[in-house]
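To start, the structure under review is shown below, and the notes come after it.
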Amino acid sequence: MTPARGSALSLALLLVALAADLAAGLKCVCLLCDSSNFTCQTEGACWASVMLTNGKEQVIKSCVSLPELNAQVFCHSSNNVTKTECCFTDFCNNITLHLPTASPNAPRLGPTELTVVITVPVCLLSIAAMLTIWACQDRQCTYRKTKRHNVEEALAEYSLVNAGKTLKDLIYDATASGSGSGLPLLVQRTIARTIVLQEIVGKGRFGEVWHGRWCGEDVAVKIFSSRDERSWFREAEIYQTVMLRHENILGFIAADNKDNGTWTQLWLVSEYHEQGSLYDYLNRNIVTVAGMVKLALSIASGLAHLHMEIVGTQGKPAIAHRDIKSKNILVKKCDTCAIADLGLAVKHDSIMNTIDIPQNPKVGTKRYMAPEMLDDTMNLSIFESFKRADIYSVGLVYWEIARRCSVGGVVEEYQLPYYDMVPSDPSIEEMRKVVCDQKLRPNLPNQWQSCEALRVMGRIMRECWYANGAARLTALRVKKTISQLCVKEDCKA
């Protein structure tokens, strides 16, 4: 073999080895990955972090995927609260991190405090050692029975959240003492990765919704496919808007990007409402007059909070939903509603007078689109236009509820708006012909005139359906009108 051919062969072998190494991905230490020898692989970065929880340093090491790395939230430290390192070589996160030590001017410990500081850790270490020995022996006995780890018990051994606290406690603590934008990211990730999925409860254009369990509590897990990353990121961003939390808006818990090496799942964890969507509820149930008013008032309350701007250092921007429909509203145990599915929502910055519209090709549901959206005359530079479109959609939802209201034993069967005018899956052209050209609206049955509550609801619907968006009611006006009706009907909403 000539020297030239030998050199070419060596170069080829080197390139093959380099390609194989790149294909294998970056290997990192992962403290949560005991099933894979505490190792994970990623195309992003290795991640190590330490945070202060109940006065103790809690360390976590894992992989950060490319979407998480691009989001620029995992590689930033917070003074005296968290210290985070991201690196890009194999096992580079196998390092020891510590938070900054207290200042020299801190008061010295007395003899009693010093005794406690020394004694308590020694006792805890002894207990931990005994528990570790016992756990190892017990694991050897039970491993043959099942390979499925009880992640809810594992959380008690390694967790970034306080033992014995419920999700409501954690969310209340974060809302009361933090920025009001939800749980810390590390806590969200810990919760999401220790949820046990139970059964699938729904499917949509985004993916699937599962019923899950976390430490004995029910949660809902909305699982997006990787191709819907924009929808997942946008919805998580909107839900974590400061001061958004409200009893009539779906309670957000956590968001996480779960990558098992072959495919990626994008999780959105929220409160679980076993009665399902308003669409499902109305298909199954007939409602009383008081029940109708109670449902309608809770929807108006949630939408009014969403539309309202709260001014201040911990303020909230005005938000428009853009996809209000009965399938995007959930019914709680107390028979009130919570508005959900904020993936298409827009935010308004009143200071800069700008509208934050998501970069998402999907639009709202055609059947519920306002006339100005159907005929493309909506002024997208004015935020009020989006709020007015929401009001039109709410009027259609109220029509669905009112049809299921029993008055004198008479009740209509459940139907979608415009069920008798367009096909089951109408196009924009078909909806535009009915709503804009023919100026038709859902029919209000004559028997509604015999009931004051239904007469009021019918008037609200008509004032929500005006072709001129500026003439429609505001969410706050709808809320006040139905509140007065609620007092008359003694619905105790």
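Every residue, even glycine, has its Cβ placed from backbone N, Cα and C.
Contacts of D323 (active site, proton acceptor) defined by a Cβ separation under 8 A and a same-chain sequence distance of 6+ are given as D341, G343, L344, G364, T365, Y368, S393, in order along the sequence. Residues or ranges marked as active site, proton acceptor in Swiss-Prot: D323.
As annotated by Swiss-Prot, ATP binding site applies to V201, G202, K203, G204, R205, F206, G207, E208, V209, K222. With a cut-off of 8 Å between CB atoms and residues at least 6 apart in sequence, the same chain places V209 near K203 (ATP binding site), listed in sequence order.
For 165-194, the entry in Swiss-Prot reads domain 'GS', with the evidence type sequence analysis. Averaged across the domain 'GS' (165-194), the predicted model reaches a pLDDT of 63.
What Swiss-Prot records for 195-485 is domain 'Protein kinase', and it gives sequence analysis as the kind of evidence.
What Swiss-Prot lists as signal peptide is 1-25.
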Which listed residue (V201, V209) has most other Cβ within 10 Å, given these are binding-site residues: V209
Site diameter for ATP, Å, by largest Cα distance between V201, G202, K203, G204, R205, F206, G207, E208, V209, K222: 14
